[in-house]
Amino acid sequence: MRPLWRLNKYLYKYKGLLLLGIFFTVISNIFVIIPAQLVRLAIDYVVESFSIFKPIQLGGMGEEAQEIFLKFVFIFGLLILVMALLRGFFLFLIRQTIIIMSRRVEYDLKNEIFEKYQSLPLSFYRKNSTGDLMARITEDVSRVRMYLGPAIMYGMNLLILFPLVISYMISVNPELTLYSLLPLPVLSVSIYFVNNLINERSEKIQRSLSGLSTYVQEAFSGIRVLKAFVRENDSVRDFATASEDYKEKSIRLTKVNALFFPLIMALVGISTIITVYIGGLQVINGEIGYGVIAEFILYVNMLTWPVTSLGWVTSIVQRAAASQTRINEFLDEKNDIRSTENLEIPVKGKITVKDLSFDYPDTGVKALKNVSFEIGAGKTLGIIGTTGSGKSTIANLLMRMYDPSSGEILIDDRPIQSFDISYLRKNIGFVPQDVFLFSDTIGNNIAFGIDHPDKAIIEQAAKDADVYNNIVDFTKGFDTMLGERGITLSGGQKQRVSIARAIAKEPQILILDDCLSAVDTKTENAILNALKKIMKDRTSVIISHRVSSAKLADHIIVLDDGELIEQGTHETLMEKRGAYAELYEKQTQAGESIESDV
Ligand SMILES: Nc1ncnc2c1ncn2[C@@H]1O[C@H](COP(=O)(O)OP(=O)(O)OP(=O)(O)O)[C@@H](O)[C@H]1O
């Protein structure tokens, strides 16, 4: 229960709805109890009237007595009907208050979790799988809602109805009360176990279903590879196996589900039989009237659902507590990437890196070892290196996706930690290595980082990224949809749209992480020349495998296995005849031989 206390702030927020809900529950239960008493009175009245009807008929007043009798029965019937209608009305109001409250809390909780997700650092996303993140904001929140809605509603109903009904029953006949209620605890405990079994099996089905959907999704997104490797038959077979597992689990659930209502019916039936039997004995002994038996049968039926719900509510609360524990775990997650001074001063773009080392926290991979370099404001830095040499890691650290293990990064001679994180990132335009575009229009994708998008800026960014002509060739131009329901851009087009998105922000520092790999050298040159113009007074960091991308940079660093092995300008590095010169020669020779082959 303790984890669920966290939700009390929401219960307090919606206290109006909750209190109204409690009030309506009390009222609706009053309309449940009164009809049972009316039924007792009506039956006793009917039995008594019959016993005196004969003498009255013999006395010649038969017709008048019958008329009075029918009038009373009609009034009883009418009263019971009115009570039932009023009860229905108040049940409607209970749902309108408590269930609506639970939906509002669900909405707030989802927003709170999503906001928290957004504030957490990249390392959090590395640690937890997407499926887990999704499950906590959807399934877990739904389970918590079941506690806030149905569980609170039925729990409260139970708390109010139970004492009311039982005290009435005891006041009418304590012995009959004891016997008729005897099977109900058994009902509650059995429902609790059956329900737990149902939940356990439902969860297995859920897991099986998510495995199945992941499989189907992969089969669709990897359809090209699947077809190219002629694995269609294997794919069909694997799907059938996964489906079979899902079917088996569903059948197992159906078996337990089938127990639910028969169990309730059987135990209520036993209660009714006991009531009739013991009540009958008491009627024969002249201790009670017939009406009491009918009244008690109604009471037992009235208590059936609350008693059943006791088991059900307990299991909902248990599940909700487990879900809330998982949610709390994420809500309590601390963001260790913090700003020390929250500076929001204009960024010029000088970058100084001193003795920078970085080990990835989750794997312990030593990605950078004592790297030092400096690049003045408005200059271009080229970062060259083999795969896995730590180039992207430098970009990650410059954007404070992680903090260095040791050493420091200064921006304009101030520790990077002193800048407000959002402010710092707003000043950086980043083009990641693995391009990600949203399922939206091309225009909106380019405008993604701008608070107030402007058509001219978007178009200019597209021109500078050398993708404008491609875009206007589409019939809908900048309004062309991307993603699943839209068109698919080529690898090079995607990279250029991603560059346009970074340029459109007009950042003070631009980081291109190997984002020209899918464009030909001609386009690469066009983009680099355009960048030179637009980044005239701003700093650019160009990360690449290709020397051709970095050679125009004012300063070049060469990384190998996390270490900085050379740095200088293209000319000084070429003169040095080290790793850079070797790479340059290899790449230009390869380029020439390809060109001559063509
Ligand atoms: N999120 C991560 N968690 C753990 N290790 C990582 C992570 N990202 C990168 N690494 C490791 O850190 C090292 C440096 O990776 P990095 O991505 O910086 O290399 P890179 O020079 O950009 O390579 P490439 O040119 O292939 O992109 C590699 O050994 C890589 O396996």
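Glycine too: its Cβ is placed from the backbone N, Cα and C atoms.
Sequence annotations record features per position, and here TrEMBL assigns domain 'ABC transmembrane type-1' to 19-319. Under the heading domain 'ABC transporter', TrEMBL lists 351-586. According to TrEMBL, the feature transmembrane segment maps to 12-34, 68-94, 151-170, 176-198, 259-284, 296-317.
Most Cβ pairs under 8 Å to the transmembrane segment (176-198), among the stretches 68-94, 151-170, 259-284, belong to 259-284.
Stretch with the largest number of CB pairs closer than 8 A to the transmembrane segment (259-284), among 12-34, 68-94, 151-170, 296-317: 296-317. Note on the transmembrane segment (151-170): residues 18, 21-22, 25-26, 29-30, 32-33, 36-37, 94-95, 98-99, 102, 176-177, 180-181, 296, 299, 302-303, 305-307, 309-310, 312-313, 316-317, 320 of its chain, located 6 or more positions outside it, place their CB under 8 angstroms from a CB of the stretch. Outside the transmembrane segment (12-34) by six or more residues, the chain places 83-84, 86-87, 90-91, 93-94, 97-98, 100-101, 104-105, 108, 152-153, 156-157, 160-161, 164-165, 168, 302 with a CB less than 8 A from a CB of the stretch.
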